[in-house]
Amino acid sequence: MAGESRWQAGRPTTAQVGGWVLAHCQQRFLQDDNGLLFPREWLKRQELPLLAEHGVGHWQGEPVYVLELDEPIELPGMAWAPLRQFMLHGDFDQFCMLGYASQIGIWARHNRFCGNCGTRMQAQDHERVMQCPQCGLHQYPRLSPSMIVLVTRGDEVLLARSPRFVPGVYSTLAGFVEAGESVEQCVVREVREEVGVEVANLEYIGSQNWPFPHSLMLGFHAEYVSGEIVPQEDEIEDAQWFSLDALPPLPAQRSIARHLIDLYLARRSGAAEPVLPG
């Protein structure tokens, strides 16, 4: 079928022979002139500081595994590339595969031992879970729900920048959902905390996996109600109202932050609405 993804997440068993493998460490992937996927049996014969191996899915019908390495060792003719590089450039199906593999690799690294009794954890075949054989504790891959919101005021949008951003880039507001609150409550609270304004008329737009390292971004538009911008100390370097015809440098095209902005621009101008990547 036209447009069908070449990547499908899954759990091919590590007991079977063959397939492709990704080498991962600290949100970086090993690559050579042929790419990121290596013949599995060949790469496993190299002297690698292996922590864990997990099946992660299928690429063009072939099983794919991830090797989580203890450190990013150097191998002749190969180099390590950061995950963010693949978000910004190149094949989106490939980025989805790498994002999933990175999250599984990090989960495997962080859950080698039981947090309750210290026993070495064991991966299970029937589902994606690490289980302690001593006390029975289960650990599933971590997923952190986060709201991300574009605050609007007619032909103006409220954008902010964190000290961690690329210089000059402004984006939407975002924050993690706390225990006991709904995503909608999180939107109102985070906007108030980060920039000191009140919002209403929330509209859910869509969601996007964000593997940096394990967020699920839940995107909203919200209308400004009241208040003056007061940036949160240590979190927000600057925040401003920007006219739609005079926007600052914006986030990457593939991000949900950029989609929220582009969607609002399209709606105000009557243009065709963009499709959220992923």
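If you go along the chain as it appears here, the first residue is 1 and each next one adds 1.
Using N, Cα and C of the backbone, Cβ positions are placed for all residues, glycine too.
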- Message: If you look at how Swiss-Prot annotates this chain, which of 43-64, 131-152, 153-174, 175-196 comes out as motif 'Nudix box'?
- Response: 175-196
- Item | Per Swiss-Prot, Ala174, Glu194 bind divalent metal cation 1; matching candidate in Glu127, Glu233, Glu235, Glu237 | Glu235
- Pick the one from Ala239, Ala246, Ala257 that Swiss-Prot also lists for the substrate site with Arg84, Glu127, Tyr140, Gln208, Asn209, Trp210, Pro211, Phe212, Pro213, His214, Ser215. Ala257
- Task: Fill in the CA-CA distance, Cys135 (Zn(2+) binding site) to Glu235 (divalent metal cation 1 binding site), as an integer in Å.
- Result: 40
- Query: What does DSSP give as the helix, strand and coil breakdown of the motif 'Nudix box' (175-196)?
  - Reply: 13 helix, 2 strand, 7 coil
- Considering only the binding-site residues Cys132, Tyr140, Glu190, Pro211, Pro213, Ser215, which fall within 10 Å of Ala174 (divalent metal cation 1 binding site) when distances are taken between Cα atoms? Glu190
- Item | Cα-Cα distance linking Ser215 (substrate binding site) and Cys117 (Zn(2+) binding site), given in Å to the nearest integer | 28
